[in-house]
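What TrEMBL records for this protein:
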TRANSMEM  B:21-42  transmembrane segment
TRANSMEM  B:74-94  transmembrane segment
TRANSMEM  B:106-129  transmembrane segment
TRANSMEM  B:135-156  transmembrane segment
TRANSMEM  B:168-188  transmembrane segment
TRANSMEM  B:214-236  transmembrane segment
TRANSMEM  B:257-281  transmembrane segment
TRANSMEM  B:296-316  transmembrane segment
TRANSMEM  B:323-345  transmembrane segment
Amino acid sequence: MTIPPETTLHLDALSVGYGARTVIDSLSLPPFRGGEITALIGPNAAGKTTLLRALAGLHPARGALRLGDADLLRLDGAAHAARVSYMPQALPQRVALTVFEATLSALRASPSARPDARAAQALVGETLDALGIGALAFRSLDQLSGGQRQLASLAQSVVRRPSVLLLDEPTSALDLNYQFRVMHLVQSIVRARGIIAVVVLHDVALACRWCQRIVILSDGQVVADGPPAEAITPDTLARVYSVHARVEACSRGAVQVMVDGILADGPPSCSGDVMPPRSS
Amino acid sequence: MSKSTDTVDVSRYQALFRRRILIVLALAVAAGAAFLLDLATGPSRLGLDEMMRGLFTPDSVSPAVRVILWDVRLPYAVMAVLVGAALALAGTEMQTILNNALASPFTLGVSSAAAFGAALAIVLGLAVPGVTGPWAVSANAFVFAFGSVLLLQVLARSRGAGVETLTLFGIALVFTFNALVALLQFVASQEALQQLVFWSMGSLARTNWSKVQVLALILAVTVPFSLASAWQMTALRLGEDRARSFGVRLQRLRFLSLLRASLLAATAVAFVGTISFIGLVGPHIARLLVGEDHRFLLPASMVCGALILSLASVASKTLVPDVLLPVGVVTALVGIPFFMTLIFLKRPRA
């Protein structure tokens, strides 16, 4: 399903928790827009994955979460799954399914809008071709490298033509080549289909390189939200990660982050030269 | 970005699809042959030819042959097929739902609970109200086996219970019921002890047509629902979150799947006693042959289970001349060489 570009994902006063413990408390954000990749970054236990799982309908939440006219918090699992696709961080181990079969199951297991067998097979073929992993189609998942499995996992997410694509650390444990491949493919698909993409990342440089918007979370609260150049500043990095960092523009204009030391109660803990941000 | 020029040839998937259907059919033919061999084997030395004549033209054989065929060999052979299929199907569903390759009716306490139920009837004479005679032991075994899986279900539906907790709970059930059975064995009379030990070895010798009909009915009711859940179970192999994000209603799938597995395993164990091997290894053999697309895995598991138990039944009648060994004892002896051969023939996985 390709959504019209004016469709947005609205998140207002959203609260998520585990039992009595609230992780995200009444979080409101400007709408997420189609064709854009938003990075959710922040330190460990900031609530990034919890928020992403709540957006995916995998974790109960209170508040308002609307995709266009659809109230995602009121939709049943199948209707939610028809609109939102979630790629978990953990990839399954020792699964005796080929890449083609696994991708096909993403289409056929969904109780909503299940295409017929031939159409589903054709769609799987197109998707694997589009991701450049046609050569892996008939290889078993447990024979793939980590990067190849990540691409296979991405195929399972995008084959369903979601309106919203949620990716939980899609580049973790990948080498530089596969980090680039995965993010490039995500960008291509998001732009081509006008998808709303929200990606949890730990790598600030990747977030700056590939995402049009960065939301920095800490303790379930938004510390910064905006384009990379606005959200990523030495001040926000110091507040969120307790690091002393330089933020500079590279020769191509992209935001670059260099960490010079760790802050302990304010001052840097390492004695390296601390450079002020260079004005570009 | 470098991009592979290989494009997906969908006809290769269709060829793979056909190949898997052929494997399932080949297994079914093998199971059919094993069934006939089982039918042709027995201490009365009546061969397949006589059995076939008795089957299709009963008037052409003597009354004694008819009795041997219709009251002994045929129900035993059919029961071997049904029990093998039921235990393997139950094992496959449990392994998928619990994401645990070691899950089976035996390892999750179903067989141990059944043995305790049987022990209560055999040693203490305690039976389900209204059930007497030869059905008392089976009824007790069924009630306890089914009850043990219902306990697992309660845990599965309680908040925060993951598959690891369920598996650990199942293992705890195994040890608990084994201890209770040992306690009953300790206080049992010599005759009751002998009867209980024989029951727990698993035997087709307590089969009759009524039991065959009950198990066939339960298979006929559960198998269509299993097959209807094949895609959801395949998706579940990609992870719980993944399956839920596809729209699979995981709690419902898990509840209904465990319900089916418990019905199948409890009934099978109640009628023939403990046969531990089929539910664990039948699914693994099928997985090695057809992969984990459950549209093929579920039927292949059933056929593998039927094949192994039929061959085990033949072995139980032929290993020691003129002695009918308990089939539960020889099941592993027959299945393990087959299983190990498959493991070594298959190329190693990354």
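Cβ atoms are placed via backbone N, Cα and C, with glycine included.
Among the recorded stretches B:21-42, B:214-236, B:257-281, B:296-316, B:323-345, the one sharing the largest number of Cβ pairs closer than 8 Å with the transmembrane segment (B:74-94) is B:296-316.
For the transmembrane segment (B:323-345), the most Cβ-contacting stretch among B:135-156, B:168-188, B:214-236, B:257-281, B:296-316 is B:296-316 (pairs under 8 Å). Counting Cβ pairs closer than 8 Å and at least 6 residues apart in sequence, the transmembrane segment (B:214-236) and the transmembrane segment (B:21-42) reach fewer than three and form no contact. A Cβ distance under 8 Å defines the sequence-distant neighbours of the transmembrane segment (B:135-156), meaning residues of its chain 6+ beyond its ends; these are 105, 108-118, 120-122, 126-128, 165-166, 169-170, 173, 177, 199, 211, 251, 254-255, 258-259, 261-263, 265-267, 269-271. Simply put, out of B:21-42, B:168-188, B:257-281, B:21-42 has the most Cβ pairs sitting under 8 Å from the transmembrane segment (B:296-316). Sequence-distant contacts of the transmembrane segment (B:257-281) (same chain, six or more residues past either end, CB-CB distance under 8 Å): 79, 82-84, 86-91, 93-94, 96-97, 102, 104-107, 110-111, 114-115, 117-118, 138-139, 141-142, 145-146, 148-150, 152-153, 156, 199-204, 206-207, 211, 214-215, 218-219, 222, 225-226, 229, 233, 305, 308-309, 326-328, 331-332, 335-336, 339. Long-range contacts of the transmembrane segment (B:21-42) within the same chain: residues 48, 51, 68-69, 72-74, 76-78, 80-81, 286, 289-290, 296, 299-300, 303-304, 306-307, 310-311, 313-314, 317-318, each at least 6 residues beyond the stretch ends and with a Cβ under 8 Å from a Cβ of the stretch. Only residues 6 or more beyond the boundaries of the transmembrane segment (B:168-188), in the same chain, are considered here, and those with a CB under 8 A from a CB of the stretch are 103, 106-109, 112-113, 115-116, 119-120, 122-124, 144, 148, 151-152, 155, 196-197, 200.
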